[in-house]
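Visitor: Pasting the relevant annotations from TrEMBL:
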{"type": "TRANSMEM", "residues": "14-34", "note": "transmembrane segment"}
{"type": "TRANSMEM", "residues": "95-114", "note": "transmembrane segment"}
{"type": "TRANSMEM", "residues": "134-161", "note": "transmembrane segment"}
{"type": "TRANSMEM", "residues": "182-209", "note": "transmembrane segment"}
{"type": "TRANSMEM", "residues": "324-345", "note": "transmembrane segment"}
{"type": "TRANSMEM", "residues": "365-382", "note": "transmembrane segment"}
{"type": "TRANSMEM", "residues": "402-426", "note": "transmembrane segment"}
{"type": "TRANSMEM", "residues": "447-471", "note": "transmembrane segment"}
{"type": "TRANSMEM", "residues": "477-499", "note": "transmembrane segment"}
{"type": "TRANSMEM", "residues": "543-565", "note": "transmembrane segment"}
{"type": "TRANSMEM", "residues": "648-681", "note": "transmembrane segment"}
{"type": "TRANSMEM", "residues": "739-763", "note": "transmembrane segment"}
Amino acid sequence: MAAAAILPELATQVLIPVAAAVGIAFAVLQWVLVSKVRLTPERRADGGAAKAGPADYLIEEEEGLNDHNVVVRCAEIQSAISEGATSFLFTEYKYVGLFMGIFAILIFLFLGSVEGFSTRSQPCHYSKDKTCKPALANAIFSTIAFVLGAVTSLVSGFLGMKIATYANARTTLEARKGVGKAFITAFRSGAVMGFLLAASGLLVLYIAINLFGIYYGDDWEGLFEAITGYGLGGSSMALFGRVGGGIYTKAADVGADLVGKVERNIPEDDPRNPAVIADNVGDNVGDIAGMGSDLFGSYAESSCAALVVASISSFGINHEFTPMVYPLLVSSVGIVACLIITLFATDFFEIKAVNEIEPALKKQLIISTVVMTIGIALISWLGLPYTFTIFNFGVQKTVHSWQLFLCVAVGLWAGLIIGFVTEYYTSNAYSPVQDVADSCRTGAATNVIFGLALGYKSVIIPIFAIAFSIFLSFSLAAMYGVAVAALGMLSTIATGLAIDAYGPISDNAGGIAEMAGMSHRIRERTDALDAAGNTTAAIGKGFAIGSAALVSLALFGAFVSRAAISTVDVLTPKVFIGLIVGAMLPYWFSAMTMKSVGSAALKMVEEVRRQFNTIPGLMEGTTKPDYATCVKISTDASIKEMIPPGALVMLTPLIVGILFGVETLSGVLAGALVSGVQIAISASNTGGAWDNAKKYIEAGASEHARTLGPKGSDPHKAAVIGDTIGDPLKDTSGPSLNILIKLMAVESLVFAPFFATHGGILFRWL
């Protein structure tokens, strides 16, 4: 028997929940600090707005506006955005809750029927000489895990939305004092979401393992197979959150841009535009709530994939608790490392100029990766025996602890590479986006051609990074290595989410500044925050897609092992038809989501045009538009349109597994993975590049940019059209595709016992 880990079980049982509690406490602290920015003007004894000193008079003089009125207006707009976002999420969650109930029943019925709902213990799947808990127990606990994952995902998204809508106006007001103050407020708000999500995901998973363990006892094989339901629940909710939120935000955005900017030639976020509140609501329900659920799903699935493989390796066979929960230890160290790094952005260094914003965010990624590498080395040394075995398609492969450290580290650094490549192709500081902006001189058609070419080219290096990560991690530690590489990529999830959420918060802050009638200088500051946030949002999507590829492969390996497939031979007809159909699914899914955005946007455009044409005084600014109707259009359209793409993803594994069997399903999973990753990266980067090309022209920060502007010029109108085409690519189809490939894989793994026993009905008849 191999030597035990240095870290004893008791220390592990303390370390994981303490790290999660520290993460939650830090999130609460950041929330408290953000709340210190007042949204209600204090009153003087004489009835006027209170002044803290001469600085406030200077601000007021600079803005040319009464400070009291600006604050009140900002608070009103924030309240409208918050109410719209809360209303939409509650409506969405009603439908999603119904789905969750139906799918939970399906999990119980399918898994319970594997052994005819027998309550007798059965021989273990991997160790026939041992007895394991009945399939009925697996059905019950998988269902509970599914509900736990789903609820945690929904709560994560909802809390993220609440802090974002709480912080947007506060970021706007802080922008009056300088770009540094506004940056700190936006980043702290993003950190609340990042740490709440990372810590709550870890804590719920840890509690579930310990509670399930009371029943399962020594049957770790059954215990961790049941835990996979947690990942399925997380990703199921993420799919609807991403698709529904993405359709909502882009319908409003496209409607606002096409009529407001192109037809009426009014600024972005102009309060005269009826779709402007819906657009700002959409940033929170799509880019915050949907993205939070998405990355939570990735974290849950990578942890579950690693735990399933570990349970049938020496860790599970010998009942070594500390090495068994190594994935949770990596996440615990990640929370502590990210906490330290966050202080660099908010407390140790202060941003003084606009051009310092993006470098500060990039430093967060670099420093967190370096610190996390040291943390992984430490936890690998303490938490793993020097040698152990990992299950590798029917045999046990001998692995050393340093090899597992390399697997996690390669995933971590591959994520950073993907992030920086994404930044290069989507930031307007570099030539690719500047070339796209320059192509607007000759109209929208050349802009679209250049943008598509950029997106296709941007796939190359990330795919090589993913391929290298897969090769190295699989060579060192089989599918377990791939799973922990995915976990490595997500180990800095708290920092990644803080940077990601910062973008939509800054975007909302800019919109509020415009609607509240604040000066051009304030809007310049919020635009600079937004442009940097736009790039970091693209980096976040790159991380999500890269980790999804690794997670899907690890889940695929676990599925193949659980379904007792010795090899997946692509030359057999059963597998090849699955492969080619699986590769088609991301295209089908993208078509559905993009058409949904188009249909919803069409209704929005018609409504915005109607209001401009029929409401007297709207264009002159003497009458308020009907914001509520536009919010309702986005809500109704997104709820209706999110169901078909969601059904496609959720039903495909069930239909293929039942009718065609596990071999064809393995082909579908492989095809969807290979095809989906490419389209997701291309779509996200193309959309991000078009968006920042438009912002490059609008900002006019360089001599080249000024030759393309100003706003309202022909090149600017061409850039707006490119940005409008890119919106559904980067915020609906692209980000949703990584959920498609993960969700199909984890669903197949959860239902693998049923498919292996009862699947392939059609081929049995032939």
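Using the three backbone atoms N, Cα and C, a Cβ is placed for every residue, glycine included.
TrEMBL: automatically predicted annotations, no manual curation.
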Visitor: Please give the sequence-distant neighbours of the transmembrane segment (134-161): residues at least 6 beyond its ends with Cβ less than 8 Å from one of its Cβ atoms.
Guide: 85-86, 89, 93, 96, 100, 103-104, 107-112, 114-115, 117-122, 192-193, 196-197, 200-201, 204, 208, 212, 215-216, 222-223, 225-238, 241, 284-285, 288-293, 296-297, 300, 501, 750, 753
Visitor: Among the recorded stretches 182-209, 402-426, 447-471, 648-681, 739-763, which has the greatest number of Cβ pairs closer than 8 Å to the transmembrane segment (95-114)?
Guide: 739-763
Visitor: Is the transmembrane segment (648-681) close to the transmembrane segment (477-499), in the sense of at least 3 CB pairs under 8 angstroms with a sequence gap of 6 or more?
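Guide: Touching, no - the transmembrane segment (477-499) and the transmembrane segment (648-681) miss the threshold of 3 or more Cβ pairs under 8 Å.
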Visitor: May I ask you to check whether the transmembrane segment (324-345) and the transmembrane segment (14-34) make contact, with contact taken as at least three Cβ pairs under 8 Å and only pairs 6 or more apart in sequence counted?
Guide: yes
Visitor: Where among 14-34, 182-209, 402-426, 739-763 do we find the most Cβ pairs under 8 Å to the transmembrane segment (447-471)?
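Guide: Maximum Cβ contact count belongs to 402-426.
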Visitor: Which one of these stretches, 14-34, 365-382, 402-426, 648-681, has the most C-beta pairs shorter than 8 Å to the transmembrane segment (739-763)?
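Guide: Maximum Cβ contact count belongs to 648-681.
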Visitor: Which residues of the chain, 6 or more past the ends of the transmembrane segment (365-382), have a CB below 8 A from one of its CBs?
Guide: 5-7, 326, 329-330, 332-334, 336-338, 340-341, 344, 401-402, 404-405, 408-409, 412-413, 415-416, 419, 488, 491-492, 495-496, 499, 539
Visitor: Do any residues of this chain, six or more beyond the ends of the transmembrane segment (648-681), have a C-beta under 8 angstroms from a C-beta of it, and if so which?
Guide: 103, 106, 236, 239, 455, 458-459, 462-463, 466, 542, 545, 548-549, 552-553, 556, 559-560, 563, 565, 568, 570, 572, 574-590, 592, 733-735, 737-741, 743-745, 747-748, 751-752, 754-756, 758-763
